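For reference, the structure is listed below as structure tokens.
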Amino acid sequence: MNQPIGIADSSRPKTNVRLTISANNLMDLDVFSKSDPICLIYEKTSGRKATTTEEITVPTWKDKQWTERGRTEVVMNNLNPQFTKTFLLPYFFEETQLLRFEIYDADSPTVGQDLSSHDFLGRFECVLAQIVSYSTLKAHLGKTGQIGAQWRNKDKNTKTGSITIYAEEDEKAEKIQFDVCGEGLDKKDFFGKSDPYLNFKRKFDDGSTHLIHRTEVKPKTLDPRWATVQINTQTLCAKDGDRPIIIECYDHDKWKKGEEPRGDAKFSRDDLIGTAQTTLNELLRGSSDAVEILLTNEKKKAKKGDKYKCSGTLKIWNSRIVIEPTFLDFISGGTQLDFAVAVDFTASNGPPKSSSSLHFMSADRPNQYELALRSVLSICQHYNSSKTFEAFGFGAKLPNQSSVSAIFPLDLQRGTSEVVGITGVMTAYRHALSNVQLYGPTNFAPIIENVARKAQNMIHDSARYQILLIITDGIISDMHATIRSIISASGLPLSIIIIGVGNEDFEKMHELDSDDALLQQDSRIAQRDIVQFVTMREFLNNGQGLYLDPDVIQENLAREVLYEVPAQLTGYMKQRGFQPRPVDDPWRRDSPPPEFDPILDGTGRRAPMLQAPPAGFQYPVYADTSIASAPPMY
């Protein structure tokens with residue numbers, strides 16, 4: 001979880017992105033011929049990963065915070081080069097991957113690490129998320145000391161020229177899909193039929209095996225038909241058609257109510273019915289006619305000898321290779337991530353002016369709420385071209401109001417939940433903090449239901465997907481209603497991230513993050529897992545009592561809370577049968593409002609405080625927002 005920055009954890013979802021680069025109207029610095037351009041790409045691997053607002057004084061090739069990721073060939077005598085060499089980079093949705101593209105006029109066909117003898121032509125700095133969001137990104141090159149700027153409609157060429165970056169997934173995830181059933185399986189239960197399921201295992205060269213896929217359990221049958229199976233061929237057999245694949249058939253033994261362990265432990269006492277070995281090529285022969293595979297139980301075979309035939313038969317049919325749309329397919333097709341945030345203003349946070357309060361505003365260090373907000377927003381902003389967010393507060397009394405608001409717009413100045421950019425969210429938060437009375441209780445259901453109503457309007461296509469971030473310091477007061485709301489929203493284009501701040505015991509909150517089993521209440525079961533919960537305190541220090549740098553905290557926190565989002569989005573789209581729009585005909589991308597400043601928004605600097613709302617100002621009313629007053633609990 002707290003791995004070194006820039007080192008990829010093999011367990012995290014990763015996609016390789018291939019970048020192709022061209023440039024136009026470059027400066028001509030040669031006297032008797034045109035420039036001979038070469039493009040180098042760098043990634044910032046240490047220090048703060050935010051776009052700089054100051055002039056760059058140290059050449060990137062000398063700056064130890066930047067690591068070269070590759071370089072193109074030199075294109076001789078050309079001001080409009082189309083470089084043939086491409087860059088292959090790992091892409092992580094949950095990370096800020098800050099890149100620099102720098103073009104030099106090479107003074108020789110061979111360019112070494114020292115670039116001091118080569119003329120600088122231009123630079124563009126951006127995060128990888130910007131590139132993959134547009135698929136094709138064009139930008140003005142910046143002069144020496146500048147970082148350039150993204151090309152806008154109606155822009156004209158500048159003296160430094162422009163760069164165009166094309167991004168595409170290097171390789172699509174290939175899966176084998178097939179139907180499978182069993183016939184005549186051995187009976188393992190004394191008083192009833194077996195409860196069979198299948199394990200598909202990869203076999204490695206050293207003979208060891210690893211579980212790749214498990215089917216559902218089919219109760220009380222010796223002739224089961226399981227749901228259609230889909231398995232990644234790279235994971236199953238490294239796409240090797242002749243590599244052995246192990247299939248195991250087990251009879252599941254039920255546990256007594258309240259005794260069933262979590263995770264794979266609940267399969268620990270199951271009885272083996274039989275095993276078989278096959279290959280990808282053999283499975284694919286089931287594309288036309290059914291493939292029959294005999295299950296063998298070695299213990300039973302040794303006991304019965306020649307009388308033993310098999311322990312049942314597996315039949316596989318409708319086999320085919322499928323390539324499913326990926327997260328980047330949807331993003332490149334214009335799918336936008338709408339983002340909403342809800343901040344806990346209950347009294348248990350402590351008086352904001354007290355240094356022990358979780359809302360305390362220090363002059364030199366952001367509080368935990370600010371860290372959580374910036375951590376998630378700094379990633380998600382690149383997937384919403386409008387640069388606007390919805391921001392709410394909950395559990396406070398607003399100015400001139402007697403009742404407690406279970407949900408209110410964070411921007412008290414304008415009385416609206418819509419704010420522009422990260423700066424707008426942070427400014428609205430600080431302003432609200434100085435104008436509301438912290439109260440209680442901690443109710444999540446009104447927030448979830450409000451955002452779910454918005455997500456309900458997104459169900460007709462793949463254009464938008466909603467993410468809700470809730471930051472809280474305590475135990476939920478309306479757990480039953482919250483679970484009901486989450487289950488009701490589980491079929492919507494919605495992911496919910498909950499970050500617990502402070503030192504409260506959040507054990508019950510883990511019930512909402514149903515990684516082992518889908519969330520259930522009475523007879524209702526969630527359609528999918530849409531909640532990710534983490535506690536902030538796990539990220540604040542290095543394990544030796546020393547607080548980490550805020551930038552490191554934000555990076556590690558974002559990595560943990562956001563990595564499930566791509567799978568949740570693609571899982572929803574698959575469930576609804578939605579396909580991504582073509583890259584050359586994407587969903588419409590809204591432009592940010594005129595007041596949005598991308599440079600200021602990326603710095604993290606504190607914006608000026610908003611003024612208090614005028615006397616008699618009426619705040620908007622949301623459904624079911626007023627709750628019974630409870631005394632503050634500091």
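Every residue, even glycine, has its Cβ placed from backbone N, Cα and C.
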Of D114, D119, residue recorded by Swiss-Prot at the Ca(2+) 2 site of L29, D30, D105, D107: D119
Would you mind telling me which of 184-211, 576-603 Swiss-Prot tags as region 'Disordered'? 576-603
Centre the Cβ atoms of L29, D30, D105, D107, D119, go out 8 Å, and tell me which other residues of that chain have a Cβ in range of the Ca(2+) 2 site. S35, D36, Y104, A106, H118, L121
Does D105 (Ca(2+) 2 binding site) have same-chain partners at least 6 apart in sequence with Cβ under 8 Å from its own Cβ, and which are they? M27, L29, D30, S35, D36, P37, H118, D119, F120, L121
Using DSSP, what's the helix, strand and coil tally for the domain 'C2 1' (1-141)? 10 helix, 52 strand, 79 coil
Confidence over the domain 'VWFA' (338-557), expressed as mean pLDDT on the 0 to 100 scale, is 92
Local Cβ density at D30 (Ca(2+) 2 binding site) - other Cβ atoms counted within 10 Å: 13
Specify the count of other C-beta atoms within 10 Å of the C-beta of D107 (Ca(2+) 2 binding site). 14
